[in-house]
Amino acid sequence: MDVKSRNYLLMNRQALENDIKTSYIMDRMISDEALTLQEEERVKQQERAAMLINIILTKDNNSYRSFYNALIHEGYRDLAALLQDGIPAISSGYRKSSMDGMTSYVKTILCEGGVPQRPVVFVTRSKLVDAIKKKLYCLGNDPGWVTVYGMAGCGKTVLTAEALRDPQLLEDYFPGGVHWISVGKQDKAGLLIKLQNLCSRLEHDSTLSQRPPLNIEEAKDRLRLLMLRKYPRSLLVLDDIWDSWVLKAFDNQCQVLITSRDRSVTDAVSGNKYEVHVESGLAHEKGLEILSLFVNMKISELPEQANCLVRECKGSPLVISLIGALLRDFPNRWEYYLRQLQNKQFKRIRKSSSYDYEALDEAMSISVEQLDDNYKDYYKDLSILPKDVKVPTKVLCILWDMETEEVEDILQEFVNKSLLFCDRNGKSFHYYLHDLQLDFLTEKNRNQLQELHKNIVNQYKKYYKLNTPVLSQEDCMYWYNFLAYHMAGANMQEELRDLMFSLDWIKAKTELVGPAHLIHEYVEYSSILDQKDSTVRENFQEFLSLNGHLLGRQPFPDIIQLGLCQPETSEVYQQAKLHAQRETGTFYLEWINKKSLKNLYRLVVRPHRDAVYHACFSKDRQRIASCGADKTLQVFKAESGERLLEINAHDDEILCCAFSADGEFVATCSSDKKVKVWNSRTGQCMRVYEEHSEQVNCCQFNNSSGRYLLATCSNDTYIKIWDLNEKYCRNTMIGHENSVNHCRFSPNDEYVASCSTDGTVKLWAACSGNELKNIEIKDFFKNADEQPDDVEVLVKCCSWSRNGDVILVVAKNKLLLWNIKSLSKVAYCRGHMSWVHCVAFSPDGSLFLTSSDDQTVRIWETKKVCKSSDAVLKSELDVVFHNGQVMILAIYNQKHLQLINGNTDNVIMQTAAQESPISCCCLSEDLKFAALGQESGTIKVLNPKFNFNSSRKTCFFMTPVQDCRFTPDCQTLISSAHSSVIQVWNWQLSECVFLRGHKEAIKDFRLLENSKLLSWSFDGTVKVWNITTGNPEKDFACHGGAVLSCAVSPDGSKFSSTSADKTAKIWDISTGALLHFFSPVTVDEGEPTHGGWVTDLSFSPDSKMLVSSGGYLKWWNVTTGESLQTFYTNGTNLKSIHVSPNFKIYVTVDNLGILYVLQKF
């Protein structure tokens, strides 16, 4: 070895000895022929790392290079960097003879992509490997699918991984890398975990770490963008696919290779498709070759029993490997193992598939019996591992209460005997069983499974005590995903309830993977959780469903604060209250008047066993039809949710259903590319249409009775119109660039609206099929108050209002109302936890219903959601804190004033309807007088104590009144309109002073002491006035944009300003100096700090805290600028925040007209 290389090893010896795990580094060095098996044994017997370095020091330059490469491939990049400058120069002879550079490239690509390593003994099946490579070449640069299919245990995974070890294939066709995901048999929640893990792996080196996707659709879209932008020309490998619906999550116009037992699994997806069939058994010669490699003999030297053994193994590579591993340890037992296989002593109680288990069962049984007794117990412990999950070493360290090295030695013994598989990617080693091996173990130990589950739970509790795993620990994700599974398997009812009903666990888990998996567990384990009472489980399930859209935010919301907003009878509220009482240093809020809150939705039903993709009203509003991923059509009563009809309607997921105008028929369309029409009373199938070439996303009848027309749209980009009296399509509309998700006739049947993945809504003439209008919905997300996600906008569906003027559109989990004539947005709202699939108005337009991935159908009241609605409280209100009472003066129904007791939520008084809509109001501190401003420009002063309906004085503006405020002595009323002038009106003396100086309209004003007034304007300035003289005393140029709000600290030394530029600033009132700047810093996902425009601010009496309103409420530490708490309201766009003098009560109203009276906990 070169002197320089030797010196680098000696210099960094201590760091290397402290950190490296030798076993896997030695494996790589042995494969490079830089280390012998005898030297490996010496290292294992003595101090491992120190002995390995001693041996390398005695060797040549190749050993140094091999050691350096092994460090890199096993994840010790920091240690490899220490040795980099000592790498000896490569001679030309070495360069020619070695493929190390190419091998290293391939190893790195495969290692980072999670491709499984070769089994302990591997024989090449070059014909099949070449066939797989040939089909991958056929993909070229086009999206498509290669399916490698065959019986379980025939070697599909090993062959696929081997095909990907071709450097030329990777360099020429997949330079973006290979991304391998072991799927297996999954439900929706399990698939979401797989997708989250894949997205996390693909984003690992992103500068902007995103929260995990909350549902399969969002994950599909995230994956599409990652493959398109970050990993173009890469290959996605989906190993062991059982169900066709799983592939839809990966149907993203990318290149995919799948292994499956089912040849037809790709029928449901689009793109070019190629197949490779793997025979169920190895060729006889290949079976003999595996045995020869295990026993280190030539095929010609094998005893005659070898032929019989291969025949008994029925060509299964897995079974032959098990027998080969036994013969390696006991080379004289050929006859014995042959007899054991032929005896077939192991009998299954039941079979879980059509696979012939007998050979595998006997081989497994013999292999397990040959283990030492203590090893048998360790192997039995693996019976309760979840299927298709790679388990980190640390989990088994906790289970067996051992050091990592001890556990790895035990597991390596199983790997050597082909009883277990190992993935060695970086420093972290993960172990897994073939699902056939796991089937054998669960069958063999079925009477002990409950006890084994109990053991792993007890070991977890012993290790973690009352703590929860943190993300930096390699076992963390295993426990969050599978601890409840083990508790349920152990039938540990109390422990499972304690876990699933713990806010600490919910917070930790949802922060990592979102709420969907937890909701799935509540449903999955409901029989155990509900043994005493179902109420508590329902409380927690509803809490997660209703707050799911918040639990996906970054930074993660305070789950205790969210819990405090639940009804007081809810177990979630009770737990949150206990937490809040314990955490004395944390700022929490109690929602005093939440009892009065009426839910925006009137009914929530769960008719399906899986995601609900569509729901619709019958015209008489008496019935609702729904359909979804469970392939059924359900019809139930709208009032009660009582089921009327259930039909197993299609062979695949049903994506849409629709009543005909007279309610006689229901149409359905599906991923199976078919459209069907049913009798809605009897369930009889009336028509089947099969002209679409891809999945059919939507079907809708026309609105007039008598003539039945049906519109359908599909992933084939076409919209088709059908006449039920005819067998074939009547009209086809062409124009969208991508899949068409939804179509709907206008109320008069003249037009058809369609929504597409291309981000547009198009309007067509129903008769001619001509395109008339185009709305770019994606532009709304670019201009929205909140930061747009890095997820492109897929417009899901739409619904016309009764008069045809408004169209309701769904994108992601938002509902947007658009005016068709002006193409402007009317309103938008949130409510579902997950992506919304369908939205539909009731025939009279008073209700609309939505359905979602969260398995719910929600019925909403339109007037409560629409901003233009009259029957809600307006955002302009005034609050007086008087003798411990919170008195609120609010505008109701635009024409009335209401005096509300905020403590009890009772309406004390209400005025008669005013002749002009009321635009603002104020209340005097002593509650003797109230004032209102109207859109007509009228200002009135009222006396609530004596007669709330008679006005004492009236004054007039030229424009609608915007704001009014009494001075402390109640003698003067200060008001502003939509102009740059402020009016100071002594209403008792009928005298007026006008404050002129702002260049643009006044936004608002605040009264100061000593007859001073602070005003701010759209011109970006703040002014201080003397209201007696009408002269300005100070002038601040604060912001480039409009100043939205200001607040003065109680000591009068500081004031804060917020602006349309989404910033807040704190100023010294005497010098005009800028003291603090709250910028719109984006965190992780990019949520703005204030959730949109900052509209109001208020200081605490000691000037140490500040509360701001905008998209929601936030409390801040003035000294540090840190956020102390966030309160998420049901609606958004909070215009003001009213705060009690002691800074303990806060009052606001949102854009849905919901009043919030909050009290510091």
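Sequential numbering from 1, following the chain as shown.
Note: Cβ is positioned from N, Cα and C throughout, glycine not excepted.
What you see is a predicted model, and the numbers here were worked out from it, not measured in a lab.
Sequence annotations record features per position, and here TrEMBL assigns domain 'CARD' to 1-86.
Annotated repeat 'WD' per TrEMBL: 605-646 (among others), in sequence order. Helix, strand and coil residue tallies for the repeat 'WD' (605-646), in that order: 0 helix, 23 strand, 19 coil [DSSP].
What TrEMBL records for 647-688 (among others) is repeat 'WD'. This prediction places the mean pLDDT of the repeat 'WD' (647-688) at 92.
According to TrEMBL, the repeat 'WD' annotation covers 689-732 (among others). The repeat 'WD' (689-732): residue composition by secondary structure is 0 helix, 22 strand, 22 coil, according to DSSP.
Taken from TrEMBL, the feature repeat 'WD' applies to 733-774 (among others).
Among the features that TrEMBL reports, repeat 'WD' is placed at 829-861 (among others).
Remote same-chain residues near the repeat 'WD' (995-1035) are listed as 962-963, 965, 967-968, 972, 974, 976, 978-984, 1041-1048, 1052, 1055, 1057, 1059, 1069, 1072 (criterion: CB distance under 8 Å, separation of at least six residues from the stretch ends). Per TrEMBL, the feature repeat 'WD' maps to 995-1035 (among others).
The list of residues near the repeat 'WD' (1036-1077) in space but at least 6 beyond its ends in sequence, with Cβ under 8 angstroms from a Cβ of it, reads 1000, 1003-1004, 1006, 1008-1009, 1014, 1016-1024, 1088-1090, 1092-1103, 1106, 1108, 1118, 1121. Taken from TrEMBL, the feature repeat 'WD' applies to 1036-1077 (among others).
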Non-local residues, at least 6 beyond the ends, that sit with Cβ under 8 Å of the repeat 'WD' (689-732): 268, 270, 614, 652, 655-662, 665, 667-677, 738-745, 747-749, 752, 754, 756, 764, 766, 769, 797
Helix-strand-coil residue split for the repeat 'WD' (733-774), DSSP-based: 0 helix, 23 strand, 19 coil
For the repeat 'WD' (647-688), residues assigned helix / strand / coil by DSSP: 0 helix, 23 strand, 19 coil
DSSP residue counts for the repeat 'WD' (1036-1077), split into helix, strand and coil: 0 helix, 23 strand, 19 coil
